[in-house]
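Right, I'll just put the structure down here and ask away after.
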Amino acid sequence: MNENKISTKHYIIFIYAVTFVSLKIYCSQFITIGGRDTWICLIAAFILLIGIATYLLDIIARKGNYNINNIFTIGLSKTMGNILLFLFAIGLFLSSLEAAMVEANCIKTCFFLPTPQWYILLFFLLPSLFLIRKKVRTILIFTTINIISFIVNCLILSIFSEPYKNTKYILPVFTNNLTIGNYFNCILLLLGCISSFAISLPYLKHLTKADNLKKHSLIALCTIALYSIYSIIGIISCFGPSRAANLFYPEYTMSQRIQLGGFIDFGELFFLMEAIVGLFLKYLLSTYGIYIIYKKYIKNDKIYIATYSIIIFILASLFSKNNYILFNILKYYNYSNLFFFILIPLIAFTAFSMKSSKKA
């Protein structure tokens with residue numbers, strides 16, 4: 001296969017890599033609003049996401065145009081299309097920044113408290129300097145290997161933490177004293193978080209053909225939805241909604257409870273791997289997505305990658321220092337995703353579909 005071509009089965013690897021890692025790492029932000037009913041709000045958010053994703057992918061499959069640059073500029077005027085494409089790229093930049101900030105803060109908060117964030121970020125960003133210049137095929141292989149290890153790691157952690165869960169913490173439902181506004185707010189925040197699915201859209205450019213694109217993507221999103229709902233229920237049933245909402249990284253604390261035989265204590269290892277691998281993949285794919293969109297305008301790869309990494313390094317070092325400031329930023333980041341990853345693609349893809357239908 002051509003080094004720059006992927007199949008629909010390959011594409012779902014990218015969907016797995018970007019959609020739910022943030023939800024797992026800092027789920028307390030959503031539990032703070034939704035309480036024990038957060039998992040119900042998550043079901044609603046995934047129903048919306050699957051509907052939106054199916055609509056977008058259906059347009060691509062029917063029209064046979066997989067290049068996101070063309071989709072944005074054909075449906076709208078070239079100027080307006082490029083403006084929206086630039087805004088979408090800003091969303092990708094913010095996603096890469098989010099991954100770097102959370103990685104640095106999480107590793108420092110949970111494992112290496114005396115270590116400064118900038119030192120952690122060096123080990124996070126340096127490997128990406130090597131990978132971003134590679135072909136899509138190399139990115140795919142790297143992502144495939146790591147997402148398999150990530151998923152296996154998540155499953156093992158879920159199995160080992162099962163004895164520490166109590167379903168009384170998630171029942172009864174709808175007795176949380178939440179208003180309709182609280183539920184709506186929680187659903188929007190969750191939808192903004194999982195809308196990072198859109199990070200995978202630039203990679204459609206490298207599809208050989210769109211046969212079974214909707215089918216394979218729908219299977220991927222449904223499995224992600226099932227596991228994410230199970231994961232949120234697990235966190236709430238382990239601590240209760242009040243305690244889970246007051247932990248920065250609840251899954252880390254849950255992993256600390258794991259013991260086998262009364263003397264083997266190694267649960268933190270699974271969370272450490274989950275955070276490093278998952279967030280690095282999200283950073284890599286967000287950054288490479290921008291590279292795909294603007295590759296023809298980038299004259300010098302080395303200068304672009306170095307400049308981009310330095311900007312991320314400075315901003316992530318600055319904003320990851322304080323947990324409270326970081327989590328406040330993350331809330332607005334997830335809300336902003338509704339604009340960058342939901343509204344903008346919907347406008348561009350709808351305009352493209354209408355314009356293509358008129359030409360036909």
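Glycine residues also receive a Cβ, built from the backbone N, Cα and C atoms like all the rest.
Quick caveat, the model's predicted, so the values are computed rather than measured.
In case it helps, TrEMBL gives these features for our protein:
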TRANSMEM  12-33  transmembrane segment
TRANSMEM  39-61  transmembrane segment
TRANSMEM  82-104  transmembrane segment
TRANSMEM  116-132  transmembrane segment
TRANSMEM  139-160  transmembrane segment
TRANSMEM  180-204  transmembrane segment
TRANSMEM  216-242  transmembrane segment
TRANSMEM  269-291  transmembrane segment
TRANSMEM  303-320  transmembrane segment
TRANSMEM  332-352  transmembrane segment
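Walk me through the surroundings of each of these features.
The list of residues near the transmembrane segment (12-33) in space but at least 6 beyond its ends in sequence, with Cβ under 8 angstroms from a Cβ of it, reads 41-42, 95, 98-99, 102, 106, 140, 143-144, 146-147, 150-151, 154, 182, 185-186, 189-190, 193-194, 196-197, 199-200, 203, 216-217, 219-221, 224, 227-228, 231-232, 235-236, 241, 244-251, 274-275, 278-279, 281-282, 285-286, 327, 330-331, 334.
Only residues 6 or more beyond the boundaries of the transmembrane segment (116-132), in the same chain, are considered here, and those with a CB under 8 A from a CB of the stretch are 100, 103-105, 107-108, 138-139, 142, 279-280, 283-284, 287-288, 291, 301, 305-306, 309, 312-313, 316-317, 320-321.
Tertiary neighbourhood of the transmembrane segment (180-204): same-chain residues 6, 11, 14-15, 17-20, 22-23, 29-30, 33-34, 37-38, 41-42, 44-46, 48-49, 53, 56, 60, 66-68, 88, 91-92, 95, 136, 221, 224, 228, 282, 285-286, 289-290, 292-293, 331, 333-338, 340-342, 345, selected by CB-CB distance under 8 Å and a gap of 6+ residues from either end.
For the transmembrane segment (303-320), the residues of the chain that approach it from at least six positions outside its boundaries are 96-97, 100-102, 104-105, 108, 117-118, 121-122, 125, 128-129, 132-133, 287, 290-291, 326, 329, judged by C-beta separation under 8 angstroms.
Counting same-chain residues at least six beyond the ends of the transmembrane segment (332-352), those with a Cβ under 8 angstroms from any Cβ of the stretch are 29, 52, 55-56, 59-60, 63, 65, 71-72, 74-76, 81, 84-85, 87-88, 90-91, 94-95, 98, 188-189, 191-193, 195-199, 201.
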Can you say which of 39-61, 139-160, 216-242 has the most Cβ pairs under 8 Å with the transmembrane segment (269-291)?
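Per the Cβ under 8 Å count, 139-160.
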Find the member of 39-61, 82-104, 139-160 that has more C-beta pairs under 8 Å to the transmembrane segment (216-242) than any other listed stretch.
39-61
With Cβ-Cβ distances below 8 Å as the criterion, list the same-chain residues six or more beyond the ends of the transmembrane segment (82-104) that contact it, or say none.
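Here the qualifying positions are 18, 22, 25-26, 68-69, 72-73, 76, 117-118, 120-121, 124-125, 196, 198-199, 202, 275-276, 279-280, 282-283, 286-287, 289-290, 293-294, 312-313, 315-317, 319-320, 326, 329-330, 333, 336-337, 339-341, 344-345, 347-348.
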